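Okay, structure first, notes after.
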Amino acid sequence: MATWKRTRGFWVSVILAFAFFAVVQWLIASGTLNVFYVNTLFFMAINVMLAVSLHLIIGITGQFSIGHAGFFAVGAYASAVMTMKLQMPFAVGVLTAGVAAMLAGLIIGVPSLRLKGDYLAIATLGFGEIVRIALLNIDYVGGASGMTVTHMTTWPWVFACLFVTILVISNFTNSTHGRACISIREDEIAADAMGINTTYYKVAAFAIGSFFAGIAGALYAHHFYIIQPSNFGFLKSFDILIFVVLGGLGSLSGAAVAAILLTIVSTFLQNYPETRMIIYSIVLILVMLYRPTGLMGTKELSSLFKWRKAAEGGMNHGSKNTVA
Amino acid sequence: MAAKTPLLKAEEVGIQFGGLKALSGVTMELYQGELVGLIGPNGAGKTTLFNLLTGVYVPTEGRIVLDGETLNGLPPYKITRKGISRTFQNIRLFGELSVLDNVKVAYHAHARHSMASSILRLPSHFRGEQEMEEKAIEFLKIFQLDEVMHEKAKNLPYGQQRRLEIARALAAQPKVLLLDEPAAGMNPQETKELMNLIAFIRERFALTILLIEHDMSLVMGICERIYVLDHGQLIAEGTPEQVRSNPKVIEAYLGEEVS
């Protein structure tokens with residue numbers, strides 16, 4: 001069947017992803033994975049979600065946004081308010097986080113996406129800082145000392161959110177709508193002249209990206225017991241930006257792989273607190289020297305397997321099994 | 001032959017950038033099926049006129065009318081959907097996208113499957129994408145680009161890039177096609193092929209074409225009427241013979257005679 005041939009790669013990835021889920025679930029349940037590893041795994045998944053959502057904005061649509069931690073923060077706080085202050089269930093918190101971050105994305109995106117390149121970067125950087133300062137000064141959410149949050153994030157939640165994030169973003173990218181976004185990245189004037197509503201697609205990409213950053217925020221808030229505005233400073237935004245650039249601009253699996261690798265590197269380096277940041281920086285410099293277009297360039301992991309001739313800049317669904 | 005009412009009409013259009021009048025009082029009429037040339041010395045305002053017609057700039061004076069509908073102030077993507085498509089002086093392809101995807105982008109405006117259907121992978125998504133792909137491949141065959149359809153656009157040789165740009169503009173299904181110096185940087189052989197291609201697409205798609213060109217043999221050879229711009233104003237119009245012997249045109253191109 002033609003449809004089966006076309007989607008075989010997709011279903012194989014889905015099966016692999018669920019197999020991975022089952023194995024990890026079993027390892028956690030049987031206690032083989034201790035708390036440290038589980039923490040690292042969750043942190044990895046959250047970073048992958050952030051990286052993939054920013055990849056849609058920067059790598060696909062070409063809008064240089066460096067305020068992603070702002071959306072992450074909005075999601076974290078929105079979900080924490082829902083579950084802690086309003087006693088809502090976790091599911092409501094997660095959904096609220098996404099919607100709140102998406103609204104924030106629309107509010108900041110509609111006016112600032114008229115800007116291009118460096119100017120957009122500065123505007124979004126400003127947005128990230130506004131969020132942080134605002135949270136710092138709202139007593140309702142604890143101000144500088146932050147909010148304590150009950151631990152609710154579990155492996156099924158993390159896996160489900162990560163799975164949906166990657167699925168939605170790769171489905172979006174692999175359609176005429178994703179191609180419209182890529183055409184904006186490649187040449188906005190030509191995209192406009194070809195009948196693409198560039199503002200609409202820039203805002204759409206921004207909204208989808210910030211939605212999933214918000215979801216990641218909810219998982220983060222309910223995993224680490226406490227959230228403080230200082231966790232969401234512009235350095236966090238740069239961390240996410242580094243995942244995307246290091247993985248290769250335009251590659252979803254690249255962003256995911258970079259997020260995983262760098263999470264491992266920085267976790268490992270916690271044993272060497274004095275030299276940690278120096279080594280981390282050297283790793284970044286070396287990667288960029290030897291792989292100037294990022295780890296994956298614009299290629300996808302799935303294009304390594306010849307399931308079908310992958311169009312450049314488009315992507316298959318092959319990256320879910322890399323969440324290891 | 002030509003219909004009574006023009007398909008595309010510019011009425012006394014002009015644009016001012018700050019204190020600089022780049023164009024003023026330009027009136028131009030294109031009738032269904034015509035191939036019209038637009039010439040003039042460098043800096044005369046030819047590309048500016050294209051930018052006005054396609055909505056990149058909004059005219060500060062005058063009106064642009066397509067098929068009885070005023071286009072002033074519409075954003076470029078809406079004007080494209082109304083039926084004016086263009087190529088660019090310096091090629092603007094989507095370099096990282098494949099040749100096939102470049103054409104598919106132009107079909108996007110006619111796509112019927114929504115963003116939600118793509119995200120949820122509903123049957124309408126697969127149908128829509130399938131339809132687009134078939135149309136795009138068929139289109140590339142007309143332009144003899146089907147053999148390179150999986151190449152990145154930026155890796156094509158120059159002549160093919162020009163051809164792809166024209167193919168992409170046509171895939172947007174325009175009524176009027178604007179070509180901005182399509183022969184720039186081409187050798188005589190390539191220019192000749194281009195002339196044939198333009199004649200062919202005009203026939204096949206029943207198009208109305210407005211062409212900016214510096215290559216006089218091309219303009220004089222295929223255009224039925226020619227408009228001449230100089231210093232932002234229309235100085236002449238007419239058949240190639242009329243324009244060629246017009247003293248104002250000679251003056252604009254060669255300078256004033258010393259007497």
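Using N, Cα and C of the backbone, Cβ positions are placed for all residues, glycine too.
TrEMBL annotations: computationally assigned, not manually curated.
What TrEMBL says about this protein:
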type	residues	note
TRANSMEM	A:9-29	transmembrane segment
TRANSMEM	A:35-58	transmembrane segment
TRANSMEM	A:65-84	transmembrane segment
TRANSMEM	A:90-110	transmembrane segment
TRANSMEM	A:117-135	transmembrane segment
TRANSMEM	A:155-173	transmembrane segment
TRANSMEM	A:200-220	transmembrane segment
TRANSMEM	A:240-265	transmembrane segment
TRANSMEM	A:277-293	transmembrane segment
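Against the transmembrane segment (A:155-173), the recorded stretches A:65-84, A:117-135, A:200-220, A:240-265 differ in Cβ pairs under 8 Å, and the greatest number is found for A:200-220. With a threshold of 8 Å between CB atoms, the same-chain residues lying at least 6 positions outside the transmembrane segment (A:90-110) that come near it are 67, 70-72, 74-76, 78-80, 82-83, 123-124, 127, 131, 152, 157, 161, 202-203, 206-215, 217-219, 221-222. Cβ atoms under 8 Å from those of the transmembrane segment (A:240-265) belong to residues 40, 43-44, 47-48, 50-52, 54-55, 58-60, 66, 68-69, 72, 166, 169-170, 173, 182, 185, 279-280, 283-284, 287-288, 291, 293-302, 313, 315, 318-319, 322-324 of the same chain, restricted to positions at least 6 beyond its ends. If you look at the transmembrane segment (A:200-220), the same-chain residues 6 or more away from its ends with a CB under 8 A from one of its CBs are 42, 45-46, 49-50, 52-54, 56-57, 60-61, 63, 65, 68, 71-79, 93-94, 96-102, 104-106, 108-110, 113, 153, 157-158, 161, 165, 168-169, 172, 177, 180-181, 184, 227. Same-chain neighbours of the transmembrane segment (A:65-84): 50, 53-54, 57-58, 90, 92-94, 96-101, 104-105, 108, 120-121, 124-132, 135, 140-141, 147-150, 152, 206, 209-210, 213-218, 220-222, 227, 229, 231-234, 236-241, counting only residues six or more beyond its ends whose CB sits under 8 Å from a CB of the stretch.
Cβ atoms under 8 Å from those of the transmembrane segment (A:117-135) belong to residues 63-70, 73-74, 77, 104, 108, 141, 143, 229-230, 232-234, 237 of the same chain, restricted to positions at least 6 beyond its ends.
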